[in-house]
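Participant: Input: one structure, supplied below.
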Amino acid sequence: MTASTNHTTHSGSTALAAHSKDSKSSKPSSSRDALSNITNARKSEGGLKKLGKSVKGVIAKDDKGKKEKKKRATCDPMCIEEEDTLVVSEAPSETPTWKDIDEEDLDDPQALTDYVNSIYEYLMEKEKDSVDPNYLSLHPDINEKMRSILVDWLIEVHRMFKLIPETLFLTVSILDRYLSRTAISRDHLQLVGVASMFIASKVEEIYPPECTDFVYIADGAYPKPQILETEQAILNSLKFNLTHPSPLHFLRRYSKAACSDYHIHTLCKYLIEMVLVYVEFLAYPASLTAAASVYLARAMTQSSEPLWNATLQHYTTYREEEVLECAREMNRLLKKSQMSPLAVKKKYSSSKFGGVSDIPPLDSL
């Protein structure tokens, strides 16, 4: 009942080999057809009538010899009724319940259609190595509110430096993983945040900010040697294992599966950035966070029915009831964020992001 990924990959490879000269001029489709009812059912009535005629002719000829007729009837795999009608048992038609979202990108080498499913399987395996959401209990001098203030400030710094989204998610990931292993005082909390963004920038950015830029942005609270020393302490603690799956990695795949437009995709980005501020959301894996953002954004915009379908379930691997629980918690935190002027809300209220942060949360979900 499901589409075959291996078959799709083989077909894509054959098509690429046959049309290598034309592949450069081909453009990926800008729009995707809505999910339609695909069927393999065949109208075989005409064919059966034809076949019935020929069988009647055979029977008429064989009426002369009963033994020969009996012999042929025994060898014939088809069943002939008394009124000479042919009965052929046909396999029931199979309709795929989910859509192959990579089918239209087979000629696009950047889409990595041969490897994309393996990549996301690897990411889902790697995300299991997650941070305990209760790690702050190990820090007598730091609480959830302090972390929230720091992450909100880092979101503002990220906006001022005009860094890419990946840098922000990696920054918070490095921060949480380091704090889950190392106890620090509240005086050094901002320093760890600055050093985490300094590291993330060098991993993700083409032109990362220099250390002196972070000295300036922290208002000179931490001199350059102190930032470099903290950077070294973080790297040694994490054993240079810096990258980790983020909701953003999964969101791009899931938005494609949901056929989300720019407005809904931007709303999803706002939701996954908003929950970065709340440490309790670490209880949910990155893939589930991304799936919940798609579900909640579709519900908030009331633009898609049903909110969850077979294609989304196939590519996210989550059932609707699993996503719903996470989406409800996300909606609750969205309501909570309306009461405080978070930097992420200000960021996404601009026209550049379509003012998606002005969309109110749901009363219930």
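In case you wondered, yes, glycine gets a Cβ from its N, Cα and C as well.
A quick note: this is a predicted structure, and the numbers were derived from the prediction, not measured.
From TrEMBL, for reference:
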COMPBIAS  1-14  compositional bias 'Polar residues'
COMPBIAS  32-41  compositional bias 'Polar residues'
DOMAIN    152-236  domain 'Cyclin-like'
DOMAIN    245-362  domain 'Cyclin C-terminal'
DOMAIN    249-332  domain 'Cyclin-like'
REGION    1-72  region 'Disordered'
Participant: Please list the DSSP helix, strand and coil residue counts for the domain 'Cyclin-like' (249-332).
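Facilitator: Tallying H, G and I as helix, E and B as strand, the rest coil: 67 helix, 0 strand, 17 coil.
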Participant: Within the domain 'Cyclin-like' (152-236), what mean pLDDT does the predicted structure show?
Facilitator: 97
